[in-house]
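> The structure follows.
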Amino acid sequence: MKFVDEAVIKVQAGDGGNGVVSFWREKFVTKGGPDGGDGGDGGDVYIQADENLNTLIDYRFQRFYEAERGQNGSGGNCTGKRGKDITLRVPVGTRAVDIHTNEIVAEVAEHGKKVMVAKGGWHGLGNTRFKSSVNRAPRQKTMGTKGEIRELRLELLLLADVGMLGLPNAGKSTFIRAVFAAKPKVADYPFTTLIPSLGVVSVVPEKSFVVADIPGLIEGAADGAGLGIRFLKHLERCRVLLHMIDIFPIDQSDPVQNALTIIDELEQYSEKLANKPRWLVFNKVDLVSEEQADEIIQEVIDALGWEEQYFKISAVNRQGTKELCYKLADFMEQLPREEQEVSEEEKVNFMWDYHPDANQGEVITEDDDDDWDDWDDEEDDGHVIYVRE
């Protein structure tokens, strides 16, 4: 199945049902009083995470989703039926972003998690609600409010512990082939990897972690150049980044400049991503002498001012890959997972407030020259009940 990690859809919550003007009619009861019921609330729109899905391809074909409208009220103080909700199933790790405000409306990172993305309209009030000691035959009602309409961009973010980044042909996919059973395409030309891929590394039965491989970055990626910018978002949930550096590039470019390019693109894309734990991994050490490799590595470390961990490997020969995986597994145990806390400022405000609108909604008055003289008017559209003697 084609991997689709973005889709734009439009969702519309159901409108609220209208209140109704009605009066109780019964034999021998000349003035039964108002009995108009309220309308029903409109249905809401939700997204729900489903671990059985791994792509957003379905939302490329159907782009409009609408919840059911609430039914109008009726006589006999009958409240209209609430509109049915609609739930959109998406892969685990999907977030919904409002394309107009760029705010994150919802994010589902666990199987079964369900979040509202569009709120249904508030029901209208029937004339019974307006009855008082001075207005015993009210002809006022309110209309239901409109349901919320949103245009959303669904973004699928892969859930992985370790994210790999580097220039094209740095050896990321070769490393993937070396450490687990997945066999991504490997070749000696740039952008061999076209879509992100995931793999599970099992060091020992009780120690494992998930690695995400994305297409290589190039200079200007943060501004949209190359393929990597589209997939950088998949690294946002990774707990540690592996920065793969080719010490013997096939295009004879400078490893120092290549390393600086990646860090610069990370910082331009997201400060949060740039501040994640990051390890340097120097690949292809088998292509040069040990002294030459150490010299190149030292130049890179000095240029970056690097004081953290770094590793020397040869992915094609699996030299140093096992030790790196053990180090990563130990690091995963020590590093706690980020807890997603929603602050007051981050909470999504819907376009209209659910309860206040009930009091501020438009009041509809049915005109009549004489409210008190029309109790027995057969042309009135009030609710009539006939009772057998």
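Here the Cβ of each residue, glycine as well, is placed from N, Cα and C on the backbone.
Pulled the feature table from Swiss-Prot, pasting it below:
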| type | residues | note |
| --- | --- | --- |
| BINDING | 166-173, 191-195, 213-216, 283-286, 314-316 | GTP binding site |
| BINDING | S173, T193 | Mg(2+) binding site |
| COMPBIAS | 364-381 | compositional bias 'Acidic residues' |
| DOMAIN | 1-159 | domain 'Obg' |
| DOMAIN | 160-333 | domain 'OBG-type G' |
| REGION | 359-389 | region 'Disordered' |
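Neighbours and distances for these, please.
DSSP assigns G166 (GTP binding site) to coil in the three-state reduction, placing it in neither a helix nor a strand.
Within 10 Å of the C-beta of S173 (Mg(2+) binding site) there are 24 other C-beta atoms, taking all protein chains into account.
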> So, three-state DSSP: helix, strand or coil for S314 (GTP binding site)?
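Reduced to three states, the DSSP call for S314 (GTP binding site) is strand.
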> Going by DSSP, give the three-state secondary structure for S173 (Mg(2+) binding site).
helix
